[in-house]
Amino acid sequence: MLTLLVWLFLFTGIVNAFPQPVRRATPYGISKWRSGGDAHGDEMLEITIALKLNNLDDSEAFLMAVSDPNSSLYGQHWSWQRVSEHLAPSPEATHQVVSWLESSGIDRTRIFRARDNTTLHVRMNVTNASELLQAEFSRMSNRRTGQENIACTSYIIPEHLEKHVDLIVAEKRLSFGGLEDARKRRQRRQVSTTTAKNSTATAIVNCDRYTAPECLRQLYHIPSRLPSTPHPKNTFGIYQPAWSTWLPEDLDLFFQLFSPSDVGRRPEMLRINGGYTQTEYKLPPFNLEPNLDFEYVMSLVSPMPVIDIQVGDRYAGGNWNNMLAAFDETYCDAVNGSIDPLPLVPDDRPGAYNRSADCGTVAPPKVISISFADVEDDFPVEYLRRQCHEFLKLGLMGTTVIAASGDFGAASGLEPGTCINATTGVSNATKGAFSPTWPGGCPWVTIVGGTQLAAHDDSPQTLPICAETNETAFHTALSGNRTLSSAGGFSNVFPAPAYQHSAVSQYRKEQAQHLNNLEQQGFDPDDDGRGFPDLAMMAYGYLMAMYNDTQIVHGTSASAPVFASMIAMINNGRLHAGKSTVGFLNPALYAAPKIFNEIKIGNNSGCGASPAYRAANGWDPVTGLGSVDYVRLRDVLMAMP
């Protein structure tokens with residue numbers, strides 16, 4: 001018996017000594033794509049190999065150095081050129097991948113390097129690509145849009161290339177979806193309407209029942225106007241995908257009610273890949289979000305200019321990954337056609353971009369607000385990591401990225417929220433494991449959850465007399481047995497970063513008894529995922545103008561731009577004082593708990609759990625560190641070098 005064990009040990013050691021191939025999934029393996037049969041072997045494919053960025057660990061340390069208020073380097077942000085050079089893939093990565101391609105019979109003259117050396121490109125037919133990547137290529141059809149591509153659901157690379165290759169895109173685009181489908185190809189909008197018609201909104205609002213700009217000013221001590229003149233270097237942008245269109249008549253109606261001096265003001269347009277807007281189809285999916293965003297943001301930061309970052313053309317659409325590529329030319333070739341819409345060239349149809357996708361042609365605003373969220377589980381891990389690195393780069397350059405957490409508690413996706421199916425591992429079930437939103441899990445984005453006033457809460461809970469705010473966690477019931485609640489939880493991909501590790505650990509410790517009851521929802525007390533949101537703002541009862549009437553809407557889609565407005569105003573003051581913009585915020589936020597109104601009452605729900613996560617002392621995965629008092633936040637950030 002002893003001899004047998006020795007031989008087993010030796011055999012295992014021999015096997016482990018040989019390189020093991022590494023299989024990677026592609027976006028075509030998720031439920032939104034279906035196979036339509038094998039691809040013909042002679043079909044030509046474009047193979048893009050994205051090399052891993054170099055010095056990533058150092059880059060995280062450098063980001064902390066320019067973002068940590070206790071660092072002597074705080075605020076000394078990098079130029080784009082310095083960021084690009086520091087993160088450029090190593091020459092060894094290029095050498096190893098080229099050697100692999102040559103050993104597979106591909107002549108060096110067929111291998112093309114991008115100008116920035118971040119990607120390698122080669123054309124080959126399906127037969128050769130199948131042999132190279134040990135993959136099966138099929139004609140894939142998108143269930144939502146009808147788009148057709150030739151692609152594979154997974155591929156294999158040698159083990160020694162794992163540390164050099166970020167991802168491989170091997171596909172051929174056969175067709176877009178139809179025009180109607182293109183209009184539906186949208187990210188998850190984190191806002192929901194309730195009773196809306198014939199509201200009796202006036203310039204005087206009952207803030208216990210509704211939310212309007214003046215209510216936010218009173219609640220968070222926001223000044224009534226920008227305290228100083230707009231600084232020419234202060235820029236503030238709101239991301240919007242193609243087809244999302246604010247209506248000028250609605251902006252003016254809102255301004256007449258709540259900000260008369262802004263009547264006639266409009267957002268400045270920053271169009272990426274065409275930046276398509278339209279007024280032909282006046283429908284809530286196209287107009288509600290941009291109306292809400294710009295009505296509130298322009299009222300709060302007036303007279304500061306506000307930028308509409310409009311992404312995508314009429315047919316391909318757009319997402320924030322396209323936006324990131326427009327900011328960074330080294331990222332363009334990592335954009336994945338199975339996920340990220342790309343313009344079709346040539347294309348002379350009305351509303352088409354008819355040019356190659358914008359690539360490093362746009363300077364990012366110093367504050368970017370994103371009112372949309374996606375499903376972390378919908379994307380390959382390599383895709384998420386590469387995109388998250390782009391947010392890290394923006395932080396290094398002094399840009400603050402703020403995003404909504406979502407409205408479906410511990411679930412994600414479209415209403416009523418989806419959970420991760422225990423059998424398939426796909427986020428497409430109404431019950432199952434908690435499904436975190438994206439980019440909620442990225443440590444380099446500031447994520448905003450939702451609150452509501454205690455007067456909005458139908459639960460029997462009451463606030464303690466000593467409470468510093470009359471806010472509770474956003475959790476409200478709608479008609480049709482629907483429920484909205486502040487999205488939050490823990491990433492399944494990214495670990496908790498150092499700046500929040502103590503706060504997250506404290507929550508897990510104090511809530512251990514309740515969290516242990518969530519095993520059926522996939523909660524693992526031994527995991528150490530990045531917790532989100534980072535903070536929360538009012539998400540209930542926003543009055544807005546749409547189609548010459550007032551609507552009432554709820555959602556963290558409203559919360560994120562409100563907080564972003566605060567940061568844009570503080571940046572304006574810092575620039576006038578000769579200081580930098582604040583850039584990546586999270587280390588400063590977690591180091592200054594006194595700027596927050598702690599939210600200790602409430603919970604979110606989802607995936608069969610109610611409560612799912614609970615609000616608590618300190619940080620929690622429902623309201624983060626709490627809601628922000630503008631004056632306290634301003635004083636802390638203005639005092640930094």
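Every residue, even glycine, has its Cβ placed from backbone N, Cα and C.
Remember, predicted model here, so these are calculated numbers, not experimental data.
Copied over from TrEMBL, here are the features:
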type	residues	note
SIGNAL	1-17	signal peptide
DOMAIN	210-640	domain 'Peptidase S53'
ACT_SITE	Glu289	active site, charge relay system
ACT_SITE	Asp293	active site, charge relay system
ACT_SITE	Ser557	active site, charge relay system
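Using a 10 Å Cβ-Cβ cutoff, Ser557 (active site, charge relay system) registers 31 neighbours.
When averaged over the domain 'Peptidase S53' (210-640), pLDDT in the model lands at 93. You'll find the Cα of Ser557 (active site, charge relay system) roughly 8 Å from the Cα of Asp293 (active site, charge relay system). Glu289 (active site, charge relay system) has a Cβ environment of 26 other Cβ atoms inside 10 Å. DSSP assigns Ser557 (active site, charge relay system) to a helix in the three-state reduction. Listed in sequence order, Ile238, Gln240, Trp246, Ser369, Ser371, Ser557, Pro561 are the same-chain residues at least 6 apart in sequence whose CB falls under 8 Å from the CB of Asp293 (active site, charge relay system).
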